[in-house]
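J.: This is the structure I have questions about; it appears just below.
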Amino acid sequence: MLEIVTVAALSDNYDFLVHDPATGRTAVVDVAEAEPILDALDYHGWTLNEIWLTHHHWDHVDGVADLVKETGATVLGAKPDQHRLPPLSTAVEAGGTFTFGAHTVEVIAADGHTIGHVAFYIPDAKALFSGDSLMALGCGRLLEGTPAQMWETMERLKALPPETLVYSGHEYTAGNAKFALTIETNNSALQERAQAIEAALVAGQFTVPSSLALEIATNPFLRADLDGVKDALGMNGSSNVDVFTQIRARKDKF
């Protein structure tokens, strides 16, 4: 069974160590800065072998060069984004797979926040590393892609098994909860989650990962296809993409 460790970095980033005890191999998903990763590796007694990158933004790659220098780890990222990523040892395509120890990792297209963004899904661990695409109670701001592209990403990720754990790239959950409640004020699951998030943060705990089932029940960006959400927005009869677009526009101004 894989061991996954959440590593906080910068002011609100999350990177993730993935360790396979059977083979001793360790990977990290995104590297905001090297030092917290090196500290976590030292704490667990692990040696880093691989770096997987979801997208090119500086707060997900800035520590790659230092980490490669310290560990000699290989670097994997999406081929279409290769020109904007740190030098890659392996370039992968969305829809493809690669192996990590005895595990298969699926590369999923996750355009929207950026073009060329990918997510990594490990089926036998039910673990999704979504970067800045699907986030806890949110989704990434559309800096390069269109609402239609991000909605397609949301639908693609929503189709994964509901027990999937979603490891997203930032601690934005409390603010996302406040916004989500402006969309679905009477969603009892969302109300309960907002309270649990507040309690977790007060206790110094991470709010990531979350389960996909919980995201489907509470995340407005996964719920743009529901009649209740359309009704709450006064958008009955509107397309799912139009509803998603409206939710994203409201969040941008929130």
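Here the Cβ of each residue, glycine as well, is placed from N, Cα and C on the backbone.
Unlike curated records, TrEMBL annotations are generated automatically.
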J.: For the Zn(2+) 1 site that TrEMBL gives with His55, His57, Asp132, which of His44, His113 also belongs there?
T.: His113
J.: Do you know which of His19, His170 TrEMBL groups with Asp59, His60, Asp132 in the Zn(2+) 2 site?
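T.: Same Zn(2+) 2 site in TrEMBL: His170.
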J.: Distance check, please: Cα of Asp132 (Zn(2+) 1 binding site) against Cα of His60 (Zn(2+) 2 binding site), rounded to an integer number of angstrom.
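T.: With distance taken Cα to Cα, His60 (Zn(2+) 2 binding site) is 9 Å from Asp132 (Zn(2+) 1 binding site).
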J.: Counting Cβ neighbours within 10 Å across all chains shown, tell me which of the binding-site residues Asp59, Asp132 comes out on top.
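T.: Its Cβ has the most other Cβ atoms within 10 Å: Asp132.
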J.: Under 8 Å Cβ-Cβ from His170 (Zn(2+) 2 binding site), six or more apart in the same chain: what's there?
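T.: Expected: Asp12, Asn13, Tyr14, Asp132, Met135.
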J.: Taking the centroid of the Cβ atoms of Asp59, His60, Asp132, His170 (Zn(2+) 2 site), which other same-chain residues have Cβ within 8 Å of it?
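T.: Here the non-site neighbours turn out to be Asn13, Asp30, Ala32, Thr54, His55, His57, Gly131, Gly140, Gly169.
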J.: Cα of Asp59 (Zn(2+) 2 binding site) to Cα of His113 (Zn(2+) 1 binding site): how many Å, rounded?
T.: 14
J.: Out of His55, His57, His113, which of the binding-site residues has the smallest number of neighbouring Cβ atoms within 10 Å?
T.: His57
